[in-house]
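Feature list (source: TrEMBL):
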REPEAT    48-80  repeat 'ANK'
REPEAT    81-113  repeat 'ANK'
REPEAT    114-146  repeat 'ANK'
REPEAT    147-179  repeat 'ANK'
REPEAT    180-212  repeat 'ANK'
REPEAT    213-237  repeat 'ANK'
REPEAT    247-279  repeat 'ANK'
REPEAT    280-319  repeat 'ANK'
Amino acid sequence: MTLLHLAAEEGAVKIIRFLLNSLKGHETILKSLVEATTISGKYFDYYRTRTALHFAAAGGYLDVVQCLVEHGANVNATDNYGRTMLHYAAQENKLDVIQWLVEHGADVNATNKDDITVLHYAAQRNKLDVVQWLVEHGADVNAINKDSRTVLHYAAQKNKLDNVQWLVEHGADVNATDNYGRMMLHYAAQENKLDVVQWLVEHGADVNATNKDGMTVLHYAAQENKLDVVQWLVEHGKANVEATDKDGRTMLHYAAQENKWDIVQWLVEHGSDVNATDNDGITVLHYTAQRNKFAAQWNKLDVVQWLVEHGADVNATRMA
């Protein structure tokens, strides 16, 4: 790690100016120094090789960034993971640094080796002002990474409604899917963010869309024990409670398998078929018996007895 890297990491602009000015007339040495990479630093990482400008951008030291660029630092240089200064600045929410870098030639749509853009980073960090500025200055709101996840997937997963709203209002596709067939709605349901789920459905998201395994948004909510999300999806979103995944499993199977008793109870009381079988002929009662800690977790009621009293067939047999 060079002195320049150390000074950039600490934001020591006076030291940097002295060091770089002392090399005037020695352009080859100066160029070599500002372009040099290191694998060291406060956040030691053998898998990242960063220039001094990467350190300065991540630290939000605008004066250092300006000084380095004035002395020849490349605003679009990448670490060995393909991340530019903008990726680092966006990750750390340094809007003033982002603005200056873009105004001085940084590529607002630069991607790392996983095709993750600067805007993906900003959405993941839940910084609406950064997201807005990037889009208003040319960032692609529907850019996808190597898993086909859009910026909106990142925002939905982080449960930031204002980011989600703004992105959709500026062209983001609410029904875009990643390589696994998951929409924003799957992510929002999995993370139990009811306000995001509601807003997405009210703005065109398909409540019965399935991923590549045939799982609907309701499967995700049931699996993750998100009762309020389950209730809203069924009562207001018109989600199909009998939808099955590619293995024939309903929401009840998922809830039973994951010991989500309150969801099992609610679904049955709202019309779910307690005797539905998956592709192997396994019923909810089978799942409940397999997960015998279910009853202990809900000590006010015998779970098996409750299911039988609500129509579960004790004589049902699974396929061989």
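In case you wondered, yes, glycine gets a Cβ from its N, Cα and C as well.
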With a Cβ cut-off under 8 Å, give me the same-chain residues at least six positions beyond the ends of the repeat 'ANK' (147-179) that come close to it.
114, 117, 119-120, 123-126, 128, 131-132, 135, 141, 185, 187-188, 190-191, 193, 195-196, 199-200, 203-206, 209, 211
Which residues of the chain, 6 or more past the ends of the repeat 'ANK' (247-279), have a CB below 8 A from one of its CBs?
213-214, 218-219, 222-225, 227, 230-231, 234, 241, 285, 287-288, 291, 293-294, 297-298, 303, 306-307, 310-313, 316, 318
Go ahead and report the DSSP secondary structure tallies for the repeat 'ANK' (48-80): helix first, then strand, then coil.
17 helix, 1 strand, 15 coil
With DSSP, how much of the repeat 'ANK' (81-113) is helix, how much strand and how much coil, in residues?
16 helix, 1 strand, 16 coil
In the repeat 'ANK' (247-279), how many residues does DSSP put in helix, strand and coil?
16 helix, 0 strand, 17 coil
When secondary structure is assigned with DSSP, how many helix, strand and coil residues does the repeat 'ANK' (180-212) contain?
16 helix, 0 strand, 17 coil
Mean of pLDDT values spanning the repeat 'ANK' (280-319):
72
